[in-house]
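Engineer: Sharing a structure here in structure tokens format.
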Amino acid sequence: MRSDMIKKGFDKAPHRSLLKATGLKDEDFDKPFIAICNSFIEIIPGHKHLNEFGKLVKEAVRAAGMVPFEFNTIGVDDGIAMGHIGMRYSLPSREIIADSVETVVNAHWFDGMICIPNCDKITPGMMMAALRINIPTVFVSGGPMAAGKTSKGEVVDLSSVFEGVGAYQSGKISEEELKDIEDHGCPSCGSCSGMFTANSMNCLCEVLGLALPGNGSILAIDPRREELIKEAAEKLKILIERDIKPRDIVTEEAIDDAFALDMAMGGSTNTVLHTLALAHEAGLDYDMSRIDAVSRRVPHLCKVSPASNWHMEDIDRAGGISAILKEMSRKEGVLHLDRITATGQTLRGNIAHAEIKDKEVIHSLENPHSEEGGLRILKGNLAKDGAVIKSGATEVKRFEGPCVIFNSQDEALAGIMLGKVKKGDVVVIRYEGPRGGPGMPEMLAPTSAIAGMGLGADVALLTDGRFSGASRGISVGHISPEAAAGGTIALLEQGDIVCIDVEERLLEVRVSDEELDKRKKEWKRPEPKVKTGWLGRYAQMVTSANTGAVLKVPNFD
């Protein structure tokens, strides 16, 4: 066993003595040592219940004849961090989480690991660590939140609250109505109830094969999630016995399948960023053009909030992720069904008995929302290395208009609220990329303000930053190269005409190459917004969005 490094031999007497101080007995040194990587944090509703989950996982690990050791990671609630400097720490927290998990697990030579994540950057951070460490691992998330209902019976979620702010600002609802939405938008523990980033990543974790069937859709408060925890411990023991590791599971084909599910569900654009980072950790050269190839062959089968009024509980009721995958498998070439997963079975085996139970929620191949996926990769002179749009969250497929430029999210939100943006405009928010932000903050407040004011179909928004999974409308993010790297987005001037063509996958500014070259020569890189602390270091090390915004290792040659 890997853990023999710290528990076997006469020279490990000091190690055993320390371990006995934690409560271990001599007989425990013949059992596998299991890291329980938890993320219990009281300020995050998706993680508030995970202390109880941790106890259940430890009980299940002991029952399976192994020895559990629980530790915790940090986390950031993107909703609470939204709209202020806290959002700059969100994406960078992914790297801290990955590094901290790597540190604890490799320092103590565990034989296997069960990860308990739930929300936005915590799930991908742990997944990155699992691929980096590469010991048998199973994920079991905290589960989605239920949708809420206002006093009038209207189904609401967190995106409803953000959009309610814009609706109140424009006089469309009263303060009392906004308070009603606020009070009922987040009714329980769990990850926010729509197809936002947290749920998108937990669903992708399931299809990748690192989590068990049901992980993405079973609600946090559903007793079936406790059964999932017990099964996770049993499956981990099998993975250890068979020496099946994360890098055996997360292959190029698995990543194709993850993006295929993402396209079928119209998941968060953040999944592109995080899954590219996973490919990097797995040692795979996975190009963004491959994502677009997946999008072209995968139909969009279900729309979940914010693209519809359906929520994760509806997906679960309709058959869950397995039902979506089973339907997708009917189309040749969409999924790689014979690859191994954390169940010890193939993907084909995992979904063999699944079926769609509500075709209003999960459409059939014969009745898709669209023939192509709900995410698209755009390229052009404004995004030479690519950009991402959640095409499933807007009916508008082509938009052209003059750009209104803001050099920060705060500046943009103030401008939108003051009426500086009108129908037909293309809002540009730049210098908010991985390096320029720093931290590539999400633009949920501006998109929600635009939607809440009734301009969601009449105003486009471009940024080198990110969008929340709760964002909708004509929102193009992850523009690469970013402004801070001298990308074309930095060269735009007020009134330049920008064209977004979703069907043709184009993002262009109607300015000649000669004029852009002239502007590039005159452009000067702004001073970094942050020069000290973690964000200062992050800005110096982070790479572009088109490579997953991972940190580059300095070259010491």
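Including glycine, each Cβ sits where the backbone N, Cα and C put it.
Here Swiss-Prot flags ASP78, ASP120, LYS121, GLU442 as Mg(2+) binding site. The [2Fe-2S] cluster binding site annotation in Swiss-Prot covers CYS119, CYS192 and is backed by sequence analysis. As annotated by Swiss-Prot, N6-carboxylysine applies to LYS121, with the evidence given as sequence analysis. According to Swiss-Prot, the feature active site, proton acceptor maps to SER468.
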Engineer: Take the Cβ of CYS119 ([2Fe-2S] cluster binding site) and count every other Cβ within 10 Å, whichever protein chain it belongs to.
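Structural biologist: So the Cβ neighbour count for CYS119 ([2Fe-2S] cluster binding site) comes to 28.
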Engineer: If I take the Cα of CYS119 ([2Fe-2S] cluster binding site) as reference, which of the recorded positions ASP78, GLU442, SER468 has the closest Cα?
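Structural biologist: When the Cα distances are compared, ASP78 comes out closest.
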Engineer: Counting across all protein chains present, how many other Cβ atoms fall within 10 Å of the Cβ of LYS121 (Mg(2+) binding site)?
Structural biologist: 28
Engineer: Rank the binding-site residues ASP78, ASP120, GLU442 by the number of other Cβ atoms within 10 Å of each Cβ, and give the residue at the low end.
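Structural biologist: Taking ASP78, ASP120, GLU442 as the binding-site residues, the minimal 10 Å Cβ count falls on ASP78.
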Engineer: For the recorded Mg(2+) site, enumerate neighbouring residues of the same chain (Cβ within 8 Å of the Cβ centroid of ASP78, ASP120, LYS121, GLU442, site residues themselves excluded), in sequence order.
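Structural biologist: Apart from the listed residues, the neighbours are VAL76, ALA81, MET87, SER90, LEU91, CYS119, THR197, ALA198, ASN270, ARG466, SER468.
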Engineer: Just jot down the residues in the same chain as the residue listed as 'active site, proton acceptor', at least 6 apart in sequence, with C-beta under 8 A of its C-beta; none if empty.
Structural biologist: ASP78, MET82, PHE196, THR197, SER268, ASN270, GLU442, MET443, LEU444, THR447
Engineer: What's the number of neighbouring CB atoms sitting within 10 A of the CB on CYS192 ([2Fe-2S] cluster binding site)?
Structural biologist: 31
Engineer: Work out how many Å separate CYS192 ([2Fe-2S] cluster binding site) and ASP120 (Mg(2+) binding site) at their Cα atoms, rounded off.
Structural biologist: 10
